[in-house]
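Remarks on the structure that follows.
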Amino acid sequence: MSTGDLLSIEPLELKFPFELKKQISCSLQLSNKTDNYVAFKVKTTNPKKYCVRPNTGIVLPRSTCDVIVTMQAQKDAPTDMQCKDKFLLQSVKANDGAIAKDINAEMFNKEAGHVVEECKLRVLYVSPPQPPSPVPEGSEEGSSPRGSISENGNVSGFEFANQASRALSDKLDFQDKSAEAKALISKLTDEKNSALQQNNKLRQELELLRREGNKNRGGGVSFLFVIIVGLLGLILGYLMKRT
């Protein structure tokens, strides 16, 4: 805050939450701590970019006046969000009972012997405020608590315990499913090996029967041989389905 003999100005930096294609406003408060009527005038280095309301006026004794500065919508963002625009607020004593219509340029002419106070104001661009996070379901007053975050940002003990319990439950469930899968694979492997052994045994018996059949003269294929061939076909079909 600038405290002159005539007016106190707050703030000394005009901060605009910059957004493209959007008009943005900020305010100044002028405080008159004297018993005099004080006239003021606001100037800027970029008058086409800003609208000041009021840009001139009278601050009554022991009172305040608000000035609204509006930046017109911008199509391009400045480099590194830096702004070189400046404002100058001039103030001077006015006659008692003066009104805004009584203000003229001559009142702020230093060469005419008038005592003019001047205060320079900077323009700053700041990031626009972020929208608040949506309130999760169940966090309203009266609902069952799911845990909370303390003011210093730490998770409460209740929520931490819930998170740890869920993590352990998920891990145990995964381990149980993994053990079941391993047991099933082991069982299928044993069954496959057993079937292969039976298949090899049947092949050997079939070969033996075939040799014995070759020794018989004029004899056809024995009934036992036909049965064994049929069983072999069933086993091979079963193995093909399982694999």
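Positions of Cβ are set from backbone N, Cα and C atoms, glycine also.
As given in TrEMBL:
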{"type": "DOMAIN", "residues": "6-126", "note": "domain 'MSP'"}
{"type": "REGION", "residues": "127-152", "note": "region 'Disordered'"}
{"type": "COMPBIAS", "residues": "141-151", "note": "compositional bias 'Low complexity'"}
{"type": "COILED", "residues": "178-212", "note": "coiled coil"}
{"type": "TRANSMEM", "residues": "220-240", "note": "transmembrane segment"}
Cβ-Cβ under 8 Å with the transmembrane segment (220-240): same-chain residues at least 6 beyond its ends: 192, 195-196, 198-199, 202-203, 205-206, 209-210, 213
Helix, strand and coil residues within the domain 'MSP' (6-126) as assigned by DSSP: 13 helix, 62 strand, 46 coil
